[in-house]
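J.: Here it is, the structure, as structure tokens.
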Amino acid sequence: MAKLIVDDLDVKGKKVLVRVDFNVPIKDGVIGDDNRIVAALPTIKYIIEHGGKAILLSHLGRVKSDADKKELSLKPVAERLSELLKKPVTFVPSNEGKEVEDAINNMKDGDVVVLENTRFQDIDNDFGKRESGNDPKLGEYWASLGDMFVNDAFGTAHRSHASNVGIATAMKGNGKLAAAGYLLEKEIKYLGDAVDNPVHPFVTILGGAKVSDKIGVINNLIPKSDHILIGGGMAYTFLAAQGHEIGKSLFEADKVDLAKELLEKAGDKIVLPVDNVAATEFSNDASREVVGDDIPDNMMGLDIGPKTIAKFKDILKDAKTVVWNGPMGAFEMPNFAEGTLEIGRALANLTDATTIIGGGDSTAAAKQLGIAPKISHISTGGGASLNYLEGKVLPGIACVQDK
């Protein structure tokens, strides 16, 4: 069912509450990466260019104490947003009370207001975590500030918080509209089509440290994928399940039986490394050696080897849909990044396929290579995109009205 989208709304003269994802890295008041702010611009611009008043809510980081509040204020984000929009943005250093209500009442059509970090509500009270615990009274209060609600925060779509599900529930309860923003719409389109209606051959590439993080994804995508290519630390649990020697490699001993089950269920769909780049210690300076699918006792696998890269590329060259989540090795160390970077290059060369990247390290690899413009879609949600690939219902999407 198609969701109600921001451009289905008549925003002129209306106060539009927008849950954005401004959870960006900030150190000493300086934003390290503004991609999430940039990703929210189309929705914000639509509202203000059509005469709406945009009231923006977001969390930033994990707020555990008053000491965190200085580092986790959204003030620098509001300043950066003002630069990107090339117009003034009002920052309100609170998200509840008279100061907030006055700022909103003083808005003119086309104005933008950013309220303070929603997670300050997790410590500013005697009621426990009001925001991340989805306190209905907080959701109702925030909903009372606007005429309609737009959820554009895919990064928190797998969570039921007061600032997404709480507001949407209260809005709908009052006969008001709750719609998806353009970013949420894009995520639903690309991830939804890949999971539910992929063009074949459909290749899933999974990496990262733990099998346990990806069990749901593998189970959901075995019947849908033509191939599931596995690299990263999780590959060694699968290799151990096949009876290979894995030396000192990272693996989950308690998941070996599960890996065997997944291998049996998948048949020949799961493709594992046939060689590995190994070292005696987890260090960029350690001497490297290419070994087969058995790793010597004194060594650990830290990247996929050249034969595996060639094998994976050969499978990818015919793909029409590709979803990649997780690095192929210890990507943070340049000497063990080649597998991840080569997979990124292979995806960039697929001109006749839909390519989707999710997860922090895979996304970082795409940026490092400068291939982002050649990728169909880079997901803005780590946990949310994994949950979506598992086939789970995401509360932040479910709370938005259908057309």
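Heads up, the Cβ atoms here are built off N, Cα and C, so glycines get one too.
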J.: Given that Swiss-Prot lists ASP21, PHE22, ASN23, ARG36, HIS59, LEU60, GLY61, ARG62, ARG159 as binding substrate, which residue among ARG80, ARG119, ARG130 does it place in the same site?
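T.: Of ARG80, ARG119, ARG130, ARG119 joins ASP21, PHE22, ASN23, ARG36, HIS59, LEU60, GLY61, ARG62, ARG159 in the substrate site that Swiss-Prot records.
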J.: Which one of GLU185, GLU252, GLU264, GLU332 goes with LYS214, GLY301, GLY359, GLY360, ASP361, SER362 at the ATP site, as Swiss-Prot has it?
T.: GLU332
J.: Listing them in sequence order, which of the binding-site residues ASP21, ASN23, HIS59, GLY61, ARG119 have their Cα within 10 Å of that of GLU332 (ATP binding site)?
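T.: So the list is empty; none.
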J.: Can you tell me which of the binding-site residues ASP21, HIS59, ARG119 is spatially closest to ASP361 (ATP binding site)? Compare CA atoms only.
T.: ASP21
